[in-house]
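The structure appears right after this line, and notes come after that.
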Amino acid sequence: MTSRFGHSHHPRRGRSARARAGRREGVQSNFPATQVLERSAHSLPARERTALVMAGGTGGHIFPGLALAEALRERGWQVHWLGTPGSMEERLVPPRGFAFEPIDFSGVRGKGLKTLLALPLRLARACLQARAVVRRLQPDVVIGLGGYVTFPGGIAARLARKPLLLHEQNSVPGMANKLLSRLATRVYTAFPNVLPDAQWVGNPMRRAFTRQPRPERRLAGREGPLRLLVVGGSLGAKALNDIVPQALAWIHEQDRPIVTHQSGESQIEALRRSYAAAGVEATLTPFIEDTAAAFAEADLVLCRAGASTVTEIAAVGAAAVFVPFPHAVDDHQTTNAQYLVKVGGGWLVQQADLTAHGLAEMLQNMKRQDLLAKAQKARTMRKINATRDIVAACERLAR
C-alpha cells in the first residue's frame, strides 16, 4: 500500500554594501527613463543569466537549494551546483537537470586532530578549485545554503567580486554561514534573530507546501482512528523506529491510529521486523514522494525537528510531536522545534524522555479538535515567500 500521504528585517547593508548595491542595482541617470530603456533594449543583446548554488551534506541544506534552483530555472536562469564528489548533493542534483561542479572538501568536526591539522591545506586547495569554477562560469550571483562546501565557494565568489547571497536554514547558524555572513551581499534566514543584519524570509520550499487547504477544511468531517505519520528522514530515525511500534502495541487495536511510517532505505527492513514483532500493522515506506500531501492528510506528524521539516509543517499547518535529534550540532533541532512549540503549534519531546508507554498514553489522549488547534497555531507561524524574495534579489543583482 502506498501512502498518499517561513520580523522582517532590512537587507544587509554597510557602507560598502550600499556602494556595491549602487553599482549592481543601477544608479540614477541623466537620461529620461524611456530613453534609457530604449537604448538598453537596442544596444544590449539578450544574455542568459547564470547562478551558482552551493549546498551540501544533508537534505536540510540541499532541498531548499533545489527549490531555489528550480525557481531560477523557471525564470530562464542557467543554474550550476557546487558540491563534493560522492555526496548526497551529487546523488540528488544532476538527476534534476542541474550541472554539478565538484570540489574536494569536507567537514572537520569530530574527525580527529590529524584532519584538523590538515585543514589549512585542504581549504586552500578547495578555494582554488572553487575559484576555477567561478572564473569559468562567471555567474551573475552565487547562492550559499550551508554545508562545508559553501565556505570555499563563498570565498571564491567574493575574491571574484560576484554577488554572494546566503541563506541559513536553522535557528542556530552553521559555521560556514556564520563566517561568510560578514562578507555576503545579502543574508537571509529561515528563523528570526539568527544572524546580524539578516532578513528573515523563511525557508525556500516547493509550492506544494504552500498550497494545501487550511487545517479546518482538511479536518472537517473526519471520523474514525487518528491518522499518524511518522517521518524519520532520508537516513531514518532509529529511536522512532524502535519505540513507535512498541507504543502502538500498548493501544487497543480498535483505538489504534492508522499509521504510515517513513524510514530511510537503510533501516526499512529493521523497521518491518519491529512492527512484526509488535504485532502492529502499518504502511512502511523508505521515501515519501509527496511530503506536502502526506502532512496535509495526517492528523498528527511524529518527526525530527530539522529546519525543513519544521518550516514545511508550519507552511501546511499540521499538528506535530517533535523529537529532536540529540546529537545535532549546537542542539539546533531543539531550538528549531521551539519556534512552533512556544506558540502552541506542537509538542516537544526529547529523545531521552521518549518511551513506548508515554507515547502510547499521549496518543490515546489526543482528540482531533485539539490537533486542529495545534495545526492552526502552527500555520500562523509560516513564512512562505522565501523562494520568491531570494529569486527577486538575484534578478535585481544580475541587472
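In case you wondered, yes, glycine gets a Cβ from its N, Cα and C as well.
According to Swiss-Prot, the compositional bias 'Basic residues' annotation covers 1-21. Positions annotated as region 'Disordered' by Swiss-Prot: 1-30. For Thr58, Gly59, Gly60, Asn170, Arg206, Ser234, Ile288, Gln333, the entry in Swiss-Prot reads UDP-N-acetyl-alpha-D-glucosamine binding site.
DSSP assigns Gly60 (UDP-N-acetyl-alpha-D-glucosamine binding site) to a helical segment in the three-state reduction. Here the Cβ of Gly59 (UDP-N-acetyl-alpha-D-glucosamine binding site) has 18 other Cβ atoms within 10 Å, regardless of which shown protein chain they belong to. Residue density at Ile288 (UDP-N-acetyl-alpha-D-glucosamine binding site): 18 other Cβ atoms are found within 10 A of its Cβ, drawing on all protein chains shown.
Cβ packing within 10 Å was compared across the binding-site residues Thr58, Asn170, Gln333, and the lowest neighbour count falls to Thr58. The number of other Cβ atoms within 10 Å of the Cβ belonging to Arg206 (UDP-N-acetyl-alpha-D-glucosamine binding site), over all protein chains shown, comes to 19. Using a 10 Å Cβ-Cβ cutoff, Gly60 (UDP-N-acetyl-alpha-D-glucosamine binding site) registers 27 neighbours.
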